[in-house]
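The annotation 4-amino-2-methyl-5-(diphosphooxymethyl)pyrimidine binding site is assigned in Swiss-Prot to GLN37, VAL38, ARG39, GLU40, LYS41, ASN69, SER108, LYS137. The feature Mg(2+) binding site is assigned by Swiss-Prot to ASP70, ASP89.
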Amino acid sequence: MEINYELYLITDRRFLKGRQLKKIVEDAILGGVTIVQVREKDVSTREFYNVAKEVKEVTDYYKVPIIINDRLDIAQAIDASGVHLGQKDMHLNIAREILGKDKIIGISVGNVKEALEAQNNGADYLGIGTIFPTGSKKDVDAIIGIDGLSKIKDSISIPSVAIGGINKTNFKDVLKTGIEGISVISAILDEDDIKLAANNLLINK
């Protein structure tokens, strides 16, 4: 499956401001988002399922891949395109056994060692970060900057997206590393005009 990782949106319902998540995701896709990850923390399984199913109606309509953060059961239940796993989540090999070879599995990495391990274990793509300081990541030691991103990117051969503090003022510097895409939350979701916010993060608009 050929995936376009150029503009990777991660959902966060804290930014809804009374708006409908389905509408936000649709506007983001119309603005240029190429892949959507549904991430829900501290909610029941049923609520996560309902949110993911709702988002999938939109991504299916626009033929955009939908990735589920961490929860393989939710990914299976809605027949998502794949899952994204952190370093402390289920091991990639086990996830692959459960989901099969046709599903996308992405892994979060913060250094070359983690990146090579994920690649060797069969990850389809990597989420590399944290690139810049961000409100959602309080661990300053985890910030790797453009230099850290470049080192990791140069060590691997699979697609990757950069994450962490990326916005319309710095995304071009990130893309100069040759990375396949950028992953954002607030740079799109915290804006009033979702479609425009997404469009402002496209290099070839």
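Glycine is treated like the rest: Cβ placed from N, Cα and C.
Taking the features listed in Swiss-Prot, we show where each one sits on the structure.
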residue	record	CB count, 10 Å
GLN37	4-amino-2-methyl-5-(diphosphooxymethyl)pyrimidine binding site	24
VAL38	4-amino-2-methyl-5-(diphosphooxymethyl)pyrimidine binding site	29
ARG39	4-amino-2-methyl-5-(diphosphooxymethyl)pyrimidine binding site	18
GLU40	4-amino-2-methyl-5-(diphosphooxymethyl)pyrimidine binding site	21
LYS41	4-amino-2-methyl-5-(diphosphooxymethyl)pyrimidine binding site	10
ASN69	4-amino-2-methyl-5-(diphosphooxymethyl)pyrimidine binding site	22
ASP70	Mg(2+) binding site	19
ASP89	Mg(2+) binding site	16
SER108	4-amino-2-methyl-5-(diphosphooxymethyl)pyrimidine binding site	20
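In this structure, the CA atom of VAL38 (4-amino-2-methyl-5-(diphosphooxymethyl)pyrimidine binding site) is 10 Å away from the CA atom of ASP70 (Mg(2+) binding site). A distance of 9 Å separates the Cα atom of GLU40 (4-amino-2-methyl-5-(diphosphooxymethyl)pyrimidine binding site) from that of ASP70 (Mg(2+) binding site).
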